[in-house]
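Since the structure comes first, as structure tokens, the remarks are kept for the end.
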Amino acid sequence: MAVYKNLSPEQTVLLQQGRVAGVDEVGRGPLVGDVVTAAVILDPNKPIAGLNDSKKLTEKKRDALYLEIMDKALAVSVGRASPTEIDELNILHATMLAMQRAVAGLTIVPESVLVDGNRTPDFGVPAHAVVKGDGLIAAISAASVIAKVTRDREMGELDARYPQYGFAGHKGYPTKAHFEAISAHGVLAEHRRSFRPVREWLEANS
């Protein structure tokens, strides 16, 4: 597996040749919910303007790009790993599993896969890790948007079920508001029990 850092424009173009799937993840850090990944194969004949790392985009822009990606991309797939799988495997291995599921779910088999970050799982096709790839490679940027919007919407649904936890605001991340909600209301089935704040609450309240 090659890991690319500080790509030149020529390297960036070279990596995007052929039928390439971009892959990114969202949700490694939260205390609750699935880790969500997406795989996207873009159509070179239908360019999408404004793609970037999803964290650098406004929610309104992400939502608009989500619709455009779903409309124009050749293939889009979402893969995930559950809190139970995260607890059993650890977050790194669960993320790799979710990425494999995303690529396996594509309706078109890619010739290669480009993953944001510094490592990739085995996809059965050539794969390369691209550091900060979500800001460099259009297909990874698109995957970043799909994964982010998907997970944020799921946190909104969880917020509707458990409004006292404030998931729509903190998205499950370990914020002061989330810690206070756990202290006041306890741990949910959707919480990741292997993550220290959740584990410590369970140990203190067992």
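Using the three backbone atoms N, Cα and C, a Cβ is placed for every residue, glycine included.
Features reported for this protein in Swiss-Prot:
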type: BINDING; residues: ASP24, GLU25, ASP116; note: divalent metal cation binding site
type: DOMAIN; residues: 18-206; note: domain 'RNase H type-2'
Overall pLDDT of the domain 'RNase H type-2' (18-206), taken as the mean: 96
Non-site residues, in chain order, whose CB comes within 8 A of the mean position of the CB atoms of ASP24, GLU25, ASP116 at divalent metal cation: VAL23, VAL26, THR37, ALA38, MET99, VAL115, GLY117, GLY133, ASP134, ILE140, ALA143, SER144, ALA147
The one of ASP24, ASP116 whose CB sees the fewest other CB atoms within 10 Å, among these binding-site residues: ASP116
Set of same-chain residues at least 6 away whose C-beta sits under 8 angstroms from GLU25 (divalent metal cation binding site): VAL35, VAL36, THR37, THR95, ALA98, MET99, ASP116, ALA147
